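Quick notes on the structure that follows.
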Amino acid sequence: MAELKDILYKVTINAVVGSTSVAINNIHFDSRAVSKGDVFVAIKGATVDGHDYIQKALSLGAIAVVCETLPDDIQNGITYIEVEDTSSALAYMASNYYDNPSSNLRLIGVTGTNGKTTVTTLLYQLFKKAGYKVGLLSTVKIMVDNTEYKATHTTPDSITINKYLKLMNDAGVEFCFMEVSSHGIHQKRSEGLQFEGGVFTNLSHDHLDYHSTFAEYRDVKKSFFDHLPKQAFALVNIDDKNGVVMLQNTKAKQYSYALKTYADYKAQVLENELSGLLLKLNESELWTRLIGDFNAYNVAAIYGTAELLGLEKVEILRLISELESVSGRFQYMISDEKITAIVDYAHTPDALKNVLETINSIRTKNEALITVVGCGGDRDKTKRPKMGHIASALSNKVIFTSDNPRSEKPEVIIEGIEKGVEPQNFKKVISISDRKQAIKTACQMANSNDIILIAGKGHETYQEINGERFDFDDYQIVQECLKQLQK
Ligand SMILES: CC(=O)N[C@H]1[C@@H](OP(=O)(O)OP(=O)(O)OC[C@H]2O[C@@H](n3ccc(=O)[nH]c3=O)[C@H](O)[C@@H]2O)O[C@H](CO)[C@@H](O)[C@@H]1O[C@H](C)C(=O)N[C@@H](C)C(=O)N[C@H](CCC(=O)O)C(=O)O
Ligand SMILES: Nc1ncnc2c1ncn2[C@@H]1O[C@H](COP(=O)(O)OP(=O)(O)OP(=O)(O)O)[C@@H](O)[C@H]1O
Ligand SMILES: N[C@H](CCC[C@H](N)C(=O)O)C(=O)O
Ligand SMILES: [Mg+2]
């Protein structure tokens, strides 16, 4: 139980009707979850307006309503709080409700188009190995030290974030690494959290269905750094031209990492093989099991973050060499026939290009590279032809297929991808909308020493079709298909 007025601390209030000295049970932004004694926060969403559900929330027992416009029919005995911005109010209320858990641990936010899950997960692993209790909020899973919880979003809503941070406090967690997505920043899911550091990985094409322009997408990411306090650090990839943009208005202490330019944390790839990378990190050499140039960036980010958080250099280097790759990120197997299958979460043009270039830099010309890829439905349509172009230009054979079609027709999505294929690559391409069949066909096409890349779904264990999630696991399926070939 908490007093309404206590959880409103730091919320910008325009008007109050009724008493704020009432005890409330819980906070909800979804009327369907409300029960007796709760406060309902009405949010204008992308599909509907939460203000239309105020009556519903009251009928289920809400005793207070936080809204941007007061309803016409004010009910006796109910407290109404009119605020400037309900998403922001929700974030502060959630934080207050759970006793500001972000200020009781050392919270690091990682943002950027690609690499967030990789960097946060590896930092989680590294700090665990260093002997600390650690938390993780990521696309793949939420970890409260050793206890795993299911993740529904990359950056969950502010109530969920604070709920888990509170659990981390209770478990004695000292460091928490969290992914901060552009949707999360824009919807103020991470507002009011006390970050000790922010890390920027890179910025490339994604989510231009949600953010109307690339500049808007960039500025949303930038606003995360604008809000860091001056005691915090901001560590950015300075090889990315938007790295400096992130730092433009931040009050935080500024640090950089890079492969190509001078930086506080400079990485150089000495060797790049399927078994890992040999890197020079500032003045030290180290071996890591992570694969590809893009992972050299991730390692530099991890090294910098760990040092800024006070770990010893020698210890960090030792621990990085022990890190395991993150599930669904360049996860590979080699069959008895010596066919290599790689499952990777590349679902943006830039990620796909990086992964294909990495494979091309590792393989010899005699082996074929067969790529199986699709694009998600109800997501940015403009990335489809770009991914079609990249896949067909950088592989020997390509099978376009489905990737979570959601409410769209798979064939229509595939047509969008095919539009990007240039005439000289037409003959490399076939389309099979059933993803299992597509993977099976790739396995049948492959000869000894060939490489199959299955991109886009990584760790996901489902295929989402019309609101339903069916079991589907790229890694498991390719493993089965390769086994069947042996029979
Ligand atoms: C586009 C988007 O981000 N949508 C998020 C948003 O939902 P919405 O704006 O559609 O909500 P809405 O349905 O219009 O409803 C508005 C309000 O009315 C309320 N409502 C609605 C119906 C009702 O009966 N009663 C009621 O009170 C809703 O609870 C909500 O508060 O707010 C919801 C609650 O926080 C989120 O769950 C939802 O994420 C959806 C499921 C989603 O798919 N989001 C993806 C795109 C996303 O956020 N992805 C990023 C990662 C992106 C990346 O790769 O970088 C992430 O961080 O996960
Ligand atoms: N530093 C990087 N630069 C470019 N591409 C990367 C980088 N790190 C990983 N990738 C590629 O992007 C894919 C997704 O990586 P990861 O899951 O770490 O990104 P993310 O930012 O968490 O994505 P999401 O927005 O879906 O949460 C990987 O499978 C890999 O292909
Ligand atoms: N966080 C990304 C993940 C995309 C993964 C891909 N498999 C898809 O479903 O489109 C999104 O929600 O847009
Ligand atoms: Mg992620």
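These residue numbers are counts, starting from 1, taken along the chain as shown.
Cβ atoms here come from the backbone N, Cα and C positions, even for glycine.
Any TrEMBL annotation is an automated prediction that lacks curation.
Keep in mind that this is a model prediction, so the values were computed, not measured.
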Among the residue ranges 111-114, 335-338, 403-406, 447-450, I'd like the one that TrEMBL describes as motif 'Meso-diaminopimelate recognition motif'.
403-406
Residue among binding-site residues D403, E460 with least C-beta crowding, 10 angstrom cut-off
E460
Given that the record lists R379, D403, N404, P405, R406, G456, E460 as binding meso-2,6-diaminopimelate, what is the largest C-alpha to C-alpha distance among them, in Å?
17
Out of K221, R379, R406, which has the highest number of nearby Cβ atoms, where nearby means within 10 Å of its Cβ, if these are the recorded positions?
K221
R406 (meso-2,6-diaminopimelate binding site) to K221 (N6-carboxylysine): how many Å between their Cα atoms?
27
Which is it, of P405, G456: the one of these binding-site residues whose Cβ has the most other Cβ atoms within 10 Å?
G456
